[in-house]
Amino acid sequence: MRIVLLGPPGAGKGTQAKMLCEEYHIPQLSTGDMLREVIRRETEIGKKAKAMINAGTLVSDSIVNQIVSDRIDESDCINGFVLDGYPRTVGQAEVLQQVLQSKNMQLDAVIELIVDEDALLERMKKRVQETIIAGGQVRSDDNPVAFAKRLVEYREKTAPLSEFYLQRRLLKLVDGMIGVTEVSRKIREVLK
């Protein structure tokens, strides 16, 4: 099962990705985790990514695309994967499609979690409170101003992916406002 999870920040993509991975025994491919791993291993592409990050610039699409392509080649992805946080743009989606075709693979589904933006802000605030209570580190972008910027960026860059995947008959919409377990059940239903 090869799945892409879409949805705005705070929609629960990471939570649902973990549940799908447990159910289907496939890895979660998070761009953040993959970037950290290639940097930690000091691979050639990891060195390039680290240089961009150290220079204060976004890691280029070409590097992110290569990291994802290389990760899909690893043996634990043979039976599938859940992509979380990638693709973020139609350009990345087009590259992903080409990469998968070159490997004789294709996506099985693209799940978009539909969530009310006001509710997302409340979720973010709750996550901050829970993290503080647990003595954890609060993400630097977990504040209302940064969160609003992330939502704008999502609407401008990532939301157009819905139409891209709808045209390819891969898009499945799931209400992300219901409970975590119920969202998971709905996802399993649309994957059948």
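Each residue, glycine too, has its Cβ placed from N, Cα and C.
Marked as ATP binding site by Swiss-Prot on the basis of sequence analysis: G10, A11, G12, K13, G14, T15, R127, I178. The annotation AMP binding site is assigned in Swiss-Prot to T31, R36, T57, L58, V59, G85, Y86, P87, R88, Q92, R139, R150. Residues annotated as region 'NMP' in Swiss-Prot: 30-59. The feature region 'LID' is assigned by Swiss-Prot to 126-142, with sequence analysis given as support.
Sequence-distant contacts of the region 'LID' (126-142) (same chain, six or more residues past either end, CB-CB distance under 8 Å): 10, 150. Under the DSSP three-state reduction, R88 (AMP binding site) is assigned to coil, being neither helix nor strand. When Cβ-Cβ distances below 8 Å are used as the criterion, the region 'NMP' (30-59) is approached by residues 14, 17, 66-68, 70-71, 84-86, 88 of the same chain, each at least six residues removed from its ends. Burial estimate for the binding-site residues (K13, R127, R139): highest at K13, by number of other CB atoms within 10 Å.
The CA atom of R139 (AMP binding site) is located 16 Å away from the CA atom of K13 (ATP binding site).
In the three-state DSSP scheme, R127 (ATP binding site) falls into the helix class. Ranking the binding-site residues A11, V59, I178 by how many other Cβ atoms lie within 10 angstroms of each Cβ puts I178 at the bottom. Summary: among the binding-site residues (G10, G12, G14), the fewest other C-beta atoms within 10 A of the C-beta are counted at G14. Compared over the binding-site residues T15, T31, T57, the count of CB atoms lying within 10 A of a residue's CB peaks at T31. Each of the binding-site residues Y86, R88 was scored by the number of other CB atoms within 10 Å of its CB, and the largest score is that of Y86. In the three-state DSSP scheme, I178 (ATP binding site) is classed as coil.
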